[in-house]
Structure formats: structure tokens, C-alpha cells
Amino acid sequence: MATSSLPLLSLFLFVTLLHTTSGTTSTGSGACATTPDTGSTLRIIHAFGPCSPLRPAVPFPSWADFLTDQTERDTTRLLFLNSLASTGTGKSFVPVASGKQLLQIPNYIVRGRLGTPAQNLLLAFDTSNDAAWIPCNGCTGCPGGSPWFNPATSTSYHPVPCGSYQCNQVPNPTCYPRAKSCSFNFSYTASSFEAGLGQDSLSLASDTVSSYTFGCLQKVVGNSIPPQGLLGLGRGPLSFLTQTKAIYGSTFSYCLPSFKSLNFSGTLRLGTNGQPKRIKTTPLLMNPHRSSLYYVNMTGIKVGRRTVAIPPSSLAFDPATGAGTVIDSGTMFTQLVRPAYEAMRDEFRRQVKAPVTSLGGFDTCYNGPVTIPAITLLFDGMQVTLPEDNVIIHSTYGTLSCLAMAAAPEGMNAVLNVIANMQQQNHRILFDVPNSRVGFARELCT
């Protein structure tokens, strides 16, 4: 049992610090100083943190505004994940939604280099995505804020030909007679994008992936896609994990620091070398209809010492409907199907024994210090007891604290329980695809 009395720093505070402290956005000095990428280990930057070039130009007016924005992003992300779970297209690229980005901007980015000579890029990594795309020079409608790749200046770039294996993996492949190269397009309601399929050398940390296949974005109509490139770590045919199987053995891990970390920098470790030897693991489940999602079997939740009475159907893995539990890097706050969340929330409230208020998408908040019971996620073969930092999000000044989990929004036919990145922070999360397992090990990630 821990007493929630000391304030934790929210991302709103980080954004505020960004605009009030000079000399902290350089990667070489100050609060944003980080060690360089080495070997097969890359530094992770939070997309909205003070050390990110994609940080908001204007800070959120209040902590409540920040939470509202993040919960809206999570709602859109949940729509995306549930669309993946309920469909079986098997395609490597995902649609862009009208009004809101269906893909949504993943929360974490790494730095990479593409082409010869190398061009510096920002890449968002996403465990629930197979996509590999880069905004390219001359793209119409692509957002700014991140470097674009110019294939014309790379001597190692070449377009993927029509009829190739890679061309057959993208949605709606098109071959123009003169170009004789593969292009594709995808649309979703009022939004669409067009891209040419190309190959070039991609360098991450000290490693180089030759003939990396990616979509070179040429035109975006409607709501823009994320400004950075996308590094899909799912298991589809064109995902980064599949393309680099011979190098990294379909194995990777990451460690995400807590919001209390000033520079909010973690690590993405590719390959089998350097992975933790002692780690709790649970079997990785395969959904043949949607191989990109990392399903695990969550069997229950404990609040304090009490196992919550959750209907088994709310946790059951069902490949036919896409129901079950996934580990996702792109959602900020864990989302549970409503019966599971309500059962957990009600037991949490019963043990806290304090007046409850709400804020934005969070329905279990408290004014003043309260005693927080431990929350333990139960999986086949392992239990993960979350530190208080992973359970409660505090206001900037520590006067209000909220349970950092939520139910799927009303009206959404949600079938997924999503274990999100706040609940993963300060853990090394291992994805060992050859051995069909996902692991959790406590680690101070900063």
C-alpha cells in the first residue's frame, strides 16, 4: 500500500517547462541530453515531450485540457485497434479517417537515416501496425514538422517493380505503364493518400537494413497523417520486424520512462542481444485474421489482495471476433471493455474509501491525498503488479489524482482490452516472436 501525497509531473508540466526553460531542447546538453544510439539500441523520444521536435507549438492551457486531448486520442486509437481486430484484410497499410486520424500519432519516436548519402528522419514506432511509410519530397498535403525524404538525391533508392511480391502486399496496387513501378492508394471516407513503393538503405543506431521496402508518400487528401515516418513493429509481410528477420530474429524490447523523467527518454532494443535473461513471460497468442496485434491471455485483475469478479467473456480470446487483450505502445491509458473496467473500478473505489469526482474521460478522481491499493494484472504464467506511478495520474500541483484507466467509450462496439503505455512505463517489455512470448521486467528506463 502506498500513500499518494507527493505530486507527480504530468506531461502538461513537461510542455510548460519546455516553454519556460531555455537551452533544454538540444540533444547535446541540458535536460534533453541523451546518450547516442549505439549497436542495436535506439533512444526513444516521446512525441509530445519537451525533447521532441514534434512537441506542441503552444502548451495546453490546463492539465484538464491535456487529459481531454489525450483521452480523445486514445478513443480514436481504440477505434483503430478494434477495426484491426474485427477485420481480416491482412494488408500492411491502414486507413486515415475523416475528422480524426484513424491511425493516430503513435506516442514514441526514434531517429533513423535513409538513403545514400543518409538523410535524417524521425520514425514513430508502433507495435500494432505493419505499415512502413515515409513522407517524401514533393508530397502534396503531407504535414510539416519532420524531415521529408528526397529519393532523387539517394543513389541507393529504387522503385519496387510491378508484379513483385512486395507490390502484391499493399492495398490497391497500381502500375503506370511509363513508370513500370508499383504505386498504391488507400481511402477512408473523406481522406485518402497515394504512395509509391520504394526500397533504400535504412540505418538505425549502428545497423543498416539494405533494400528496406516502404511507401513513399506522394499525396494526402483530407486529414493529414502523422508528420514523421512510421516503423511498424507488427508481424505483417511488410512490417519492419518481418523485413529484418534475418538481422534481429523477430525480437525486440522497449523501456518507456515514467512521466517523472525530465527528458522522457527510453530505449528500443532490436534483436536478441542484450535482452533480459530473467523476465516474467506469458504466451503470445496468434489471431490469424489480424497478425499485427500482440494478443496475450489476461485472466484477471487484482485490486489490493482481492481478485476482481470479472465476467470471463470480457477477457476471453476469440480470433473470430477479435476479442481479447493486446499489448500496445500507441495508446496512453489502458482501456478495458466496459464490464471488466467497471468491476475493477468499483473494487478500487471500495478500497480507497474517499469521495469520487471525475475529469474528462476519467471517472475515478480524488481531491487530496488518498491511499492507493495495488493493481495486479494476471496473465497466463505471470503477474504484473503496477507501481503507483503506473496507476494514478496526478495534476501538476498534486491536488487531484485520477485512476489512469478507462472503459471503452459508450456506443463503441469494443472487443479489445488494451494494455497501454502508461501502465508499461519503467518496465522492459520483451516481444519474442520466435518463442511466442511477451515478457515484463521492472527496469528504471530513464
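Cβ from N, Cα, C; glycine included.
For Asp126 (among others), the entry in TrEMBL reads active site. Asp126 (active site) has a Cβ environment of 28 other Cβ atoms inside 10 Å.
The active site annotation in TrEMBL covers Asp328 (among others). Other Cβ atoms within 10 Å of the Cβ of Asp328 (active site) number 26 in total over all chains.
As annotated by TrEMBL, domain 'Peptidase A1' applies to 108-441. Per-residue pLDDT, averaged along the domain 'Peptidase A1' (108-441), amounts to 89 for this model.
The signal peptide annotation in TrEMBL covers 1-23.
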Cα distance (Å, whole number) from Asp328 (active site) to Asp126 (active site): 8
